[in-house]
Amino acid sequence: MEERQPATQQPAAETMTAVSVTGGGAIVTLKTKTFCGSSDNLNFIIARRFTYGRTVLRPYDWRYIRVDLPTWFSSMTLSLESDVNLDKKSIMITDKSNLPMICAREGSPPLPDSYNTSLIGLELDPILNGSLAIEGLQFAEKCYPMQKKVMIRLTNEQISPGVWYFGLFNGIGSTRTQSKMINRGSGYSFTGNVSVEGCVSPSISGQFCNQTVDHLSCVDQNSTQGIITSCKNDFEHSCIHSNESKLYSLDLLGISEEIMISLTSNNSSSSSNTTLMCYARHGAIPSSSTHDYSGNVSNAPLVIRSPKVGRWYFTILPLNFSNEATKFCYSLEWKLLRCPIDKAGLNCTWERYTLQTILRKNPSVPFESYYLPVSDKISSNSANFLLEPLLSNSSQGQSQSQSQHIAWTYFLVDIPSGAAGGSIHIRLNSDTKINHELYASYGGLPFEDKWDYFYANSSSNSNGSMFFKLYDSGEKTISFYIVYVRGGTWSFGIKHLTSSSKSQSQSQTTMSISIERCPRRCSSHGTCQNVVEMSGLSLYSYCSCDRDHGGFDCSVEIVSHQGHIWQSISLIASNAAFVFPAYWALRQGAFAEWVLYTCSGISSGLYHACDVGTWCALSYKVLQFMDFWLSFMAVVGTFVYVTDIDEGSKRTIHTVVAIVTALMAMNGPTSSSNIVLVIAIGATGLLVGLLIEFFTHYRRFPFSAELFLNMLHRWQTVKEWCRNLIKTILKRFQWFFVIAGFAALAMAAISWSLESTNSYWFWHSMWHVSIYISSFFFLCSKVKAMNCANGEPENRNYELTRQDSLSGSQDLGENGRVR
């Protein structure tokens, strides 16, 4: 699947790596460049550049582009050129399942058809002027129609650093992963370039690297509540004017319960109306219009509960200055509350467990594992662990309004970045009714009002989310997946009754948390495939479903069992039509043609029996090649048969045709253009055969060059000669069967063109019947053969004569000259 070429040595200022990735019928060339130089702006450096060679996406095919953005990146530009030509009108009338599109997602590959409501994320308006630059909150997990030229530019003021995936799809829906007997539709190709720019120093940021960033220095202080970390900027006091703003950054390396930002004024002469707003954002630079949290820190501290792990940015912006020339001096203080490693909550009274990873011993399925808590309270030799001994006893928590019997227990799971193409499976089983609620959050602890995914009951959960898939929802069982999970720290919170509750102490609940490559093992209706994405840096998995099922987990039944049986019978039994031309060829003693028709019908039946999953006599590729090759040969052989040439000439034509059709059957046998090409080859064979036959009989008559020149001057003679030629051709065939043969051949061509993913079984069955009936009629059209109706031999006197070529008005002399 992947082929790596050694790096090419370049000067120190530039290194280049070439990677060739092959998969899905496309060969992709990736070139990576890392530059040490800078652009005209000395604050910029070009961090990475990728070039993607021409890639072809066939119907229902897809590719992923992975872009890794460092923490010091300033902007990222993705430029794509394709042969897609869609305007807004065509986008609106095109079936959305066949629409070429581009999707984006942070942390893991996008999956636009993971849920039947995911088309809500499809933006039908085309990208204006081929460019796109929208806010990260609007851009993530969205899909847009693919266009001829697409330029996406995103800055560190719009999106967070980390791994971003861009998915290019040529049609979505349940049939995307279905194993298809045919792939009809239009494909498209694209080329692309990715450029990542960064700032030369960690003390500057912004899309133009023109904003100074003050990094906070922190000191830990022990407290009865846990560990309180105090952070201040490098200078004791900061001053700001009305038209200025200050930018600060803080790196959180572990789970924290709370961040509190407070301000102390150091300017007594400042106006009491002066307001300092603090805007906070995780991973990206905040502004007054785009931020995660905001507050007037002049009056009260800004509190962020359960902040996510990573880099936080804080912008201080003054408002309501009475005098623009006035400056306001202040000092800011950040306080971080962190609990001990096994505790959580504002009072650090709830239990928190960091789960250890236990890899599954299956080298063919990478990054599959399950997680168990490290605790002396339980011992488990399986992927399940007992939940009750681990639950928190204390009910004192976040709010005074909470019931005194409610508590939280947290489980922390570290997902490796290589597992981003897999899914987290959460499962609870109990011998009594489950009263627990489950909440999941990436990078921080979840609560009732802050989570990424949750399950409260069968009617209140995240099942409408694109990447949350609920399978079992009963009183005693809960099972759901988080599809294509992001790599990093995930927290799972269980809201439950305290263990002192009588009902809680009597229950026995087991829990399992695991990483699986494909949800539910593709529902036992497909196989899990592992593929390297285009950059070759990460692995993702998908389900390749059988003929009857589709969907990202093969859980969607596309064809019923009864429908599958009828389709199988139709595709296999329709090949019985080969009996008509085979029988007639055998009756006429055309043994080569008899063998050809018989083998063609049998191989086609065996191929379709394997194709529908009934029985494979040989490998699928061998059966497919035999089916198409012998079908092509049967079509051309029929055209050659109707000529009356010697066996040596026939063998020559058959040999040439066998070589050409074998190449066609090996390279793109299902291409719609093949039927036209085969008919053209057959017509060429027929023409060559007729010419050979004609000149064989023509040599019997001694036409000298002088006679030929005289004929050119005698239009009457030429007309008479042409009339005799036409009469000979008319007597050469039984034209009723010729017309019937071409009508059947046209029906075969129409059936081929009407084949689609849903109607393939019907129209391809019609193709089988039509093409063999066409061959039968063409065999019957040959005068040399017996009449198909009554078996009587036809008159074979069809040779050209010259009795009228020189009419009675012109007599030949003794020397053969015209007098």
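Cβ coordinates are placed from backbone N, Cα and C, and glycine is handled just like the others.
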Disulphide pairing with Cys518 per TrEMBL - partner from Cys528, Cys545: Cys528
TrEMBL annotation, disulfide partner among Cys522, Cys554 for Cys545: Cys554
Residues in the domain 'EGF-like' (514-555) grouped by DSSP into helix, strand and remaining coil: 6 helix, 19 strand, 17 coil
For the transmembrane segment (760-780), distant same-chain residues with Cβ under 8 A (at least six beyond the ends): 180-182, 184, 567, 570-571, 574-575, 577-578, 580-581, 584-585, 588, 593, 597, 601, 604, 631, 634-635, 638-639, 641-642, 734, 737-738, 740-742, 744-745, 747-748, 751-752, 754, 788
CB within-chain contacts under 8 A for Cys528 (disulfide bond), separation at least 6: Val365, Arg517, Cys518, Arg521, Cys522, Ser541, Tyr542, Cys543, Ser544
Residue among the disulfide-bonded residues Cys518, Cys554 whose Cβ has the most other Cβ atoms within 10 Å: Cys554
Confidence summary (mean pLDDT) of the domain 'EGF-like' (514-555): 87
Cβ contacts of Cys545 (disulfide bond) (under 8 Å, same chain, 6 or more positions away): Thr177, Gln178, Ser179, Cys522, His525, Gly526, Gly551, Cys554
